Amino acid sequence: MALRERLRTWKRIFCWLILLALGLLGLLQYGLPIVRHLEALIPMGVCPSARMALLRDNFTGLLNPWARPDVLTCTSWGAPIIWDGTFDPAAAQQKALQQNLTIGLTVFAVGRYLEKYLARFLETAERHFMLGQPVVYYVFTERPAAVPRVVLAPGRRLRVERVARERRWQDVSMQRMHTLHEALGGLLGREAHFVLCMDVDQHFRGDFGPEVLAESVAQLHAWHYHWPRRLLPYERDARSAAALAPGDGDFYYHSAVFGGSVAALRGLTAHCARGLQRDRERGLEARWHDESHLNKFFWLHKPAKVLSPEFCWSPEIGHRAEIRQPRLLWAPKEYAALRD
């Protein structure tokens with residue numbers, strides 16, 4: 001009897017622990033501020049000294065990961081994670097100028113997103129994005145005539161490409177990879193050496209320069225960079241082309257910012273477009289649409305450079321000591337007003 005009673009007691013304790021864990025996870029998922037503050041206490045890990053000494057980049061020269069002992073500054077495969085203080089922006093600017101590079105920046109402005117966000121995105125890009133570098137902006141929209149006129153600095157151009165208006169916002173998101181793949185195989189791919197692809201519902205706050213360039217570039221998701229891997233919101237339905245098995249995955253990457261060389265992006269967009277099409281044929285839709293497929297790609301093909309959350313930050317998260325210099329800020333999400 002005593003053994004049976006002890007088992008019942010342990011069973012009750014175990015159930016309460018499970019409920020507590022689920023409750024905390026739910027609070028974390030829905031952004032309760034106090035839980036977000038506690039989340040910042042989860043360590044990100046430490047870059048091994050031997051690997052830190054070797055961190056070098058074609059656009060920044062020798063990196064200084066020791067300048068940021070408070071954060072993780074490299075990946076397990078030896079790619080740098082770029083934080084404020086780990087690079088010399090003047091050296092990055094000079095190296096890019098020496099290579100005579102043209103940088104492409106793509107953005108989709110469809111439906112109400114065009115009026116709400118595009119003007120501020122482009123105006124702030126002119127103040128902060130790749131200053132002093134040749135830049136070509138590619139705006140994809142179903143209403144080219146409604147694209148705002150923005151005064152551009154010398155050597156910077158704006159091209160507008162017409163796209164079809166999809167029935168659902170999810171389809172706009174998922175069709176993006178196919179559209180980008182075609183554009184990279186056309187004029188965009190001939191004009192630009194490196195391309196960054198961004199969401200329109202954000203604006204530049206700080207300098208966003210050549211330190212972000214690499215053969216392939218991924219962005220740490222601001223809401224998930226402290227989370228343990230087993231809690232990251234990867235696609236887990238094994239039927240989906242975007243699925244990651246339990247235990248797979250490195251970081252959770254945000255589809256609001258990704259980029260690389262034209263050739264590397266052609267490979268990325270082709271992979272994601274194929275996966276999205278395969279899911280569509282099977283009647284499936286990944287949990288986070290094209291972002292789920294992007295995360296699958298970067299699990300299979302590790303990015304050459306990872307950008308810290310400073311390069312794409314959400315003010316809703318609140319203050320974080322490690323976020324010293326936000327470069328790109330999310331706009332408040334107004335899905336009910338903007339999505340049909």
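A Cβ is built for glycine as well, from the same backbone N, Cα and C atoms used for every other residue.
According to TrEMBL, the features are:
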| type | residues | note |
| --- | --- | --- |
| ACT_SITE | Glu291 | active site, nucleophile |
| BINDING | Phe108, Ala109, Val110, Tyr113, Asp199, Val200, Asp201 | UDP-N-acetyl-alpha-D-galactosamine binding site |
| BINDING | Asp199, Asp201 | Mn(2+) binding site |
Distance between Asp201 (UDP-N-acetyl-alpha-D-galactosamine binding site) and Glu291 (active site, nucleophile) at the Cα atoms, whole Å?
16
Suppose we draw a 10 Å sphere around the Cβ of Ala109 (UDP-N-acetyl-alpha-D-galactosamine binding site). How many other Cβ atoms does it contain, all chains included?
27
If you count the C-beta atoms lying within 10 Å of each candidate's C-beta, which of the recorded positions Asp199, Glu291 ends up with the smallest number?
Asp199
Here are some binding-site residues: Phe108, Tyr113. Which one has the most Cβ atoms within 10 Å of its Cβ?
Phe108
Widest Cα span across the UDP-N-acetyl-alpha-D-galactosamine binders Phe108, Ala109, Val110, Tyr113, Asp199, Val200, Asp201, in Å?
11
For the UDP-N-acetyl-alpha-D-galactosamine site given as Phe108, Ala109, Val110, Tyr113, Asp199, Val200, Asp201, which other residues of the same chain have their Cβ within 8 Å of the site's Cβ centre?
Val107, Leu114, Tyr117, Leu118
Cα distance (Å, whole number) from Glu291 (active site, nucleophile) to Phe108 (UDP-N-acetyl-alpha-D-galactosamine binding site):
15
Distance check, please: Cα of Glu291 (active site, nucleophile) against Cα of Ala109 (UDP-N-acetyl-alpha-D-galactosamine binding site), rounded to an integer number of angstrom.
18
Once the chains shown are all counted, how many other Cβ atoms turn up within 10 Å of the Cβ of Val110 (UDP-N-acetyl-alpha-D-galactosamine binding site)?
20
